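**Student:** Sending over a structure as structure tokens; questions will come in a sec.
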Amino acid sequence: MKFAVLVFPGSNCDIDMYHAIKDELGEEVEYVWHTATDLSGFDGVLVPGGFSYGDYLRCGAMANQSNIMAEVKKVADAGKPVLGVCNGFQILTEAGLLPGALLRNTNLKFMCRTVQLKVENNNTLFTNQYEQGQIIHIPIAHGEGNYYCDEETLQSLKDNNQIVFTYSGDNPNGSLEDIAGIINERGNVLGMMPHPERAVDALVGGADGLAVFKSIVKQWRENHVNN
């Protein structure tokens, strides 16, 4: 499987994404600069965290105007997996690929620590290697991770089982319904504030995030290699 890791000015988690795919899973991966205009040669797209364009105007707003985002939408429309983490999640909401928005943390502070997450839906291409209801430990690092949407959208997320991860026990940012990660209705676009790519090696803080990437690869192989 071949992944694209997008790189915007101000991205700083692209290297961790690359490491998770290349070194931990042994899959093919390339960095793709935000000015690129073709993602057709990739099987999946990873939109990393960081501070794209310095978070000026609004987190993810300027990145959404980059050339590459039109291609990301094509990838999503084709049913290929798209994962946005932290700033990547913010970019995906700005692009309209996921509903809602990420607001300032309610304590107005940048939060950087490991949190507990609950796997609310393990029947997705991003979570099939987890158990339903499993509690995992994943780092966060954000100042604007407070997920918000209107009541109609929230009900739709619940009805369609699109809430994939929630904060368990302690909500670090005030996110609505403790939401930490959601997928689109089709199930091939996931946005999450915690950083699974920072939890892929038990020697350096835990490996609970590795299953996100293993899940993507497993689903892809079932759909392509075994057919």
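For all residues, glycine too, the Cβ spot is worked out from N, Cα and C.
These came from Swiss-Prot, pasted as-is:
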- 3-226: domain 'Glutamine amidotransferase type-1' (DOMAIN)
- CYS86: active site, nucleophile (ACT_SITE)
- HIS195: active site (ACT_SITE)
- GLU197: active site (ACT_SITE)
**Student:** If you skip the near sequence neighbours and keep only those at least six away, which residues in the chain come within under 8 angstroms of GLU197 (active site), Cβ to Cβ?
**Tutor:** CYS13, ASP16, MET17, HIS19, ALA20, PRO48, VAL85, GLY209, PHE213
**Student:** Within 10 Å of the Cβ of HIS195 (active site), how many other Cβ atoms can be counted across all chains shown?
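**Tutor:** Step by step: centre on the Cβ of HIS195 (active site), count other Cβ atoms within 10 Å, giving 24.
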**Student:** Could you list the residues of the same chain, at least six apart in sequence, whose Cβ is under 8 A from the Cβ of the residue listed as 'active site, nucleophile'?
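**Tutor:** Spatial neighbours, sequence-distant, of the residue listed as 'active site, nucleophile': CYS13, PRO48, GLY49, GLY50, ILE140, ALA141, HIS142, GLY145, MET192, MET193, PRO194, HIS195.
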**Student:** Could you tell me the mean pLDDT the prediction assigns to the domain 'Glutamine amidotransferase type-1' (3-226)?
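**Tutor:** Within the domain 'Glutamine amidotransferase type-1' (3-226), the model's average pLDDT equals 95.
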**Student:** Should GLU197 (active site) be counted as helix, strand, or coil on the basis of DSSP?
**Tutor:** helix
